[in-house]
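Residues annotated as Mg(2+) binding site in TrEMBL: Asp392, Thr394, Asp815, Asp819. Feature annotation from TrEMBL assigns ATP binding site to Asp392, Lys393, Thr394, Glu496, Phe537, Lys560, Arg594, Thr674, Gly675, Asp676, Arg789, Lys795, Asn818, Asp819. Marked as domain 'P-type ATPase N-terminal' by TrEMBL: 15-81. What TrEMBL lists as domain 'P-type ATPase C-terminal' is 841-1095. TrEMBL lists 52-69, 75-93, 276-298, 318-344, 872-893, 905-925, 955-979, 991-1012, 1024-1048, 1068-1088 with the feature transmembrane segment.
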Amino acid sequence: MICNKTKMLEEERRVKANDRDYNEKFNYANNGIKTSKYNVITFLPINLFEQFQRVANAYFLFLLILQLIPEISSLSWFTTIVPLVLVLTITAVKDATDDYFRHKTDNQVNNRQSQVLLGDRLQNEKWMNVRAGDIIRLENNQFVVADMLLLSSSEPHGLCYVETAELDGETNLKVRQALPVTADLGEAISRLAEFDGEVLCEPPNNKLDKFNGTLLWKDCKYSLNNSKMLLRGCVLRNTEWCFGMVIFAGPDTKLMQNSGKTKFKRTSIDRLMNTLVLWIFGFLVCMGIILAVGNSIWEHHVGSRFRVYLHWDELVDSAVFSGFLTFWSYIIILNTVVPISLYVSVEVIRLGHSYFINWDRKMFYSKKGTPAEARTTTLNEELGQIEYIFSDKTGTLTQNIMTFNKCSIDGKLYGEVRDELGRKVEINEKTAPVDFSFNPLADSKFHFYDHSLIEAIKLEETHVQEFFRLLSLCHTVMSEEKNAEELVYQVQSPDEGALVTAARNFGFIFKSRTPETITVQEMGKIVIYQLLAILDFNNVRKRMSVIVRNPEGQIKLYCKGADTILYERLHVSSEELMYMTSEHLNEFAGEGLRTLALAYKDLTEDYFRRWLKIHHEASIALDNREERLAAAYEQIESDMTLLGATAIEDKLQEGVTETITSLLMANIKLWILTGDKQETAMNIGYSCHMLTDDMNDIFIVSGRTVTEVREELRRAKEATFGQSRNLFNGHQFSEKNGEAKLESVYEETITGEYAIVINGHSLAHALEADMEKEFLEIACMCKTVICCRVTPLQKAQVVELVKKYKKAVTLAIGDGANDISMIKSAHIGVGISGQEGMQAVLASDYSFAQFRYLQRLLLVHGRWSYFRMCKFLCYFFYKNFAFTLVHFWFGFFCGFSAQTVYDQWFITLFNIVYTSLPVLAMGLFDQDVNEQNCMDYTKLYEPGQLNLLFNKRRFFICVLHGIYTSFALFFIPFGAFFNTAGEDGKHISDYQSFAVTVATSLVIVVSVQIGLDTSYWTAINHFFIWGSLAVYFSILFAMHGDGIFDIFPSHFPFVGNARNSLSQKSVWLVIFLTTVICVMPVLTYRFLKVDLRPTLSDKVRYLQQAKKKRKPLANHMRRVHRTSSRRSGYAFAHQEGYGELITSGKNMRLNDPQSSSGLARTMLSSTSWIENLRKKTAENFNSFSSDKISKL
């Protein structure tokens, strides 16, 4: 508790290196993490507390206490305690199992080994034993242990590279740099052990992109920012080793601060059941009061006449007190309106539905042998009520793999496969790829199917060779040649990796680089180009250029970038080629490919030197340096010659587009929440057809201040709603049903389709209390919502916002650690076992390997689970009201004495034996339509979203149905037996005969009713229904037989009664009449309803039955191609500053520095490349104009 208080009050963190004693004064957390909920000591109290939050469990505990009082109990206490303990035990075992796996995962992470500097040597320590202030050694490809200040590394100038996929979903490398004063420490253990610097910094927080602190060392202060920090969850890449000082450990790390807490999730049906149980208890109390008052009146007026031989108990001294005791007796007798077997059955059904998901072969990913897994058994029916899906992008919608798909060179399209007649052929697994065996350094994972391109290369066509030469030179890729035939590229942008790999396979192999040269192997020949300048990428330029001198002395500028930008800078001679290339680009964009235009320019020596002078003057200018540099770039990047264009596919997972289409047709709204850049996210939106050129507008919200964001939202609102918006202002956040109606009014006022794209820094303002409703209103009226550059915590905040105001059931799906908080916040969390580890899976409620399985999980399993659970509950409440209320009617004819109609054994066995299995079979196997129709007719999903199949109205209908049935069950036999003699002339209106008749009628009526309710008959349904009837009669005759009476005479007093009663024809006639009167109204209503007002489900089921004997037609979804004016901007994950980093040489080891002209060094000598990198890394690149997206 002391630690927690300290953390809550922490305003500034002070950490001293290599001084655990000093740091322990502040009670900082150690590096152990805890995602589990319980331990051995706290499990029982916490779990029981959670279980008794379910009102029904508390209700049954209260009844159990009442049954232990002999003066009021007319039923044995074991009838309640056994099922209650069973339910609590089953739930506890399930919760304990779930938490055991969380403990197991925590232990795996906490027991990882790390190298910690203790004393004067490195020692292996478990992660959980690492403390703030410790100095840690990391090696290449290792996870970062905690949030650390980078001290030194194996790379020049204290640089190191990290992959942050666990934090923000991006797989491109990020650069970090140590302070120069600590970089000099190197890996000298003695010097590191003597390091005693003290860090003063901000307290623990969840901001991934910000860090403010100061290092105090040797009487000097050094400023610290995010570029000096290595965060837990990152992976060290392309760096042999590095040392860091732990600042935040364990729960204080930014990763854990963003992970959120494990929440106790309950379904909407569970919450409704809590309300209904309270209502039922109120109804029970009302019935108890009525019967208690009746008992007092009866005892006062009638009972006194019998008191001579029916004495009161010793405790009873008045009619009023008799009524008081009777009240509690009836509370016990009538408690079966909510039997505890209901909750046992619910858990069994949920468990069965979970196994159906686990066993579904159509959700099994054979390539990795990964089945779908229901990691919880309590949320299945909520899968049938989803209204909002929040999805990560990288690794969830996409495979996170970039591939060179097509290209256009000198007006000719490459990448398509055609047959002998010139017709286009679809590429499939049988299509023969291009043979790259002539190239020993070709990447075996690269596949290309158009053989004409490799033929053009071999024929040494000039434009084709120049095209791939450009790709091999114009980039910021670093290479690592592990051996003669193994070349590894380290890329900071996956787009660049795909382009350089394509050039590599087609014979133009980027081999290595120095600050002043680029070495390329061109068709087997080594060529060294002198690197004169890199004109780096940024979000405004949307292009990158390199200026090189080839071995022949020619100077060339090679440029690649967005076609809309390059087209403005082409020479007039390229006009005709530009139109031809544009047609190809339209085709590429229509297929959702990321496009890029390529151009070059020949430069003379004089022209280049004059330009270099201009560039140098701009680079040393004190005023308007950025603008002057941009003008210099504009000057040389003009009058270029177009070479062609590339088309890269950011591979979507299989079936993503079709899945999203189906989900949208099912009225499920899909929001993309991603840590990626805006352009990347929007491109995937186009690929998935969530964004289209047919949309009226795409609103870009990218303001950095509250005022800017508010203004952008206001403009979006005006464009969306127009003036009619004011008619409905202030009413959008009402109750769910009213809200649904109002939303339909809104949708009628919207004349087109809109989308909204919002950046993380803008979202931070939009989620503030005074703006969140306005943002949500706009977002909900848009067809597509994309939030990019968002932090893990912001993902959770967006989910919470929708939950708070829309009262809708939400689902979050992701595959990385950065999705955990979102997964925990949503009603349903789904983890994809993908490229980024298993963290999301471990925090999820359901998991599978591919996004496309979400369609089946919701539309089939979710819909069926909801449908079955609702049917089960409706029937269960009906049959128990019919069963229990017979006692109420009987109370008016037995002096309100709390005498039961049925014998005690029938009451005990009714829900456990006689009627349990048929309703379980219906809850497990019933289906109104088959799985294919569930997928084809997506509108069938809407009843779950609108909560139509089980709600308060349906509950009241079931209760009224049960009351009517109980009334018929009691009064028809009562009227028939009144003053009636049997066939043998004997009186048959005795209590025992009446009880057997009513009980038999009840069992037959509820069996017929479940037969009417069952939509899908299986052998199991038949067996359970007929078997339950057979079991009832078998037990009935056994308990009323002579044998058991001889053994237990006091427990089975109805000896011979069943045989006597059921041998009478009149009794069977009464049973038949009762059954008909109970069932006919239901049968009539359902017949007329299906005939006059059929639901969509009824219509589909009719079609299904009509086609039962015919082979169903396959549903092929036609892929929609769009003609788009949109272009993919260059290098979507590209980061400005890498060109400067390369030409400075600070990220390279030069074993044999060569003299050079020094042109590149002169160009950049006056510019601090690392300051530019730090400054510009934090920027969000907005490559689309916020005014007119579709007109780029």
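Here the Cβ of each residue, glycine as well, is placed from N, Cα and C on the backbone.
Using a 10 Å radius centred on the Cβ of Asp815 (Mg(2+) binding site) and all shown protein chains, the other Cβ atoms total 31. The predicted model assigns the domain 'P-type ATPase C-terminal' (841-1095) a mean pLDDT of 89. Checked against Phe537 (ATP binding site) by C-alpha proximity, the binding-site residues Asp392, Asp815, Asp819 yield Asp392 as the nearest.
Here the candidates are the binding-site residues Arg594, Gly675, Arg789, and by Cα distance the one nearest Asp815 (Mg(2+) binding site) turns out to be Gly675. The distance from the Cα of Asp392 (Mg(2+) binding site) to the Cα of Asn818 (ATP binding site) comes to 9 Å.
Tertiary proximity for the transmembrane segment (991-1012) is limited to same-chain residues at least six positions away from its ends with a CB under 8 Å from its CB atoms, namely 875, 878-879, 882-883, 886, 901-903, 906, 910, 914-915, 918-919, 922, 965, 969-970, 972-974, 977, 1025, 1028-1029, 1032, 1036, 1040, 1054, 1057-1058, 1060-1062, 1067, 1070-1071, 1074-1075, 1078-1079, 1082-1083, 1086. Simply put, out of 52-69, 276-298, 318-344, 872-893, 1024-1048, 1024-1048 has the most Cβ pairs sitting under 8 Å from the transmembrane segment (905-925). Its own atom aside, the Cβ of Gly675 (ATP binding site) has 28 Cβ atoms within 10 angstroms in the protein chains shown. Same-chain residues lying 6+ beyond the ends of the transmembrane segment (872-893) with a Cβ under 8 Å from its Cβ atoms: 269, 273, 287, 291, 294, 330, 333-334, 336-339, 342, 345-346, 349, 899-902, 910-911, 915, 919, 922-923, 949-950, 954-955, 958-959, 961-963, 965-967, 969-971, 974, 998, 1002, 1005-1006, 1009-1010, 1013. A 10 Å cutoff on Cβ-Cβ distances gives Asn818 (ATP binding site) a total of 33 other Cβ atoms nearby, all chains included. Its own atom aside, the Cβ of Arg789 (ATP binding site) has 23 Cβ atoms within 10 angstroms in the protein chains shown. All chains included, 26 other C-beta atoms sit within 10 angstroms of the C-beta of Phe537 (ATP binding site). Cα distances from Asp819 (Mg(2+) binding site) to the binding-site residues Arg594, Gly675, Arg789 are smallest for Gly675. One residue stands out among the binding-site residues Asp392, Asp819 for having the most other Cβ atoms within 10 Å of its Cβ: Asp819.
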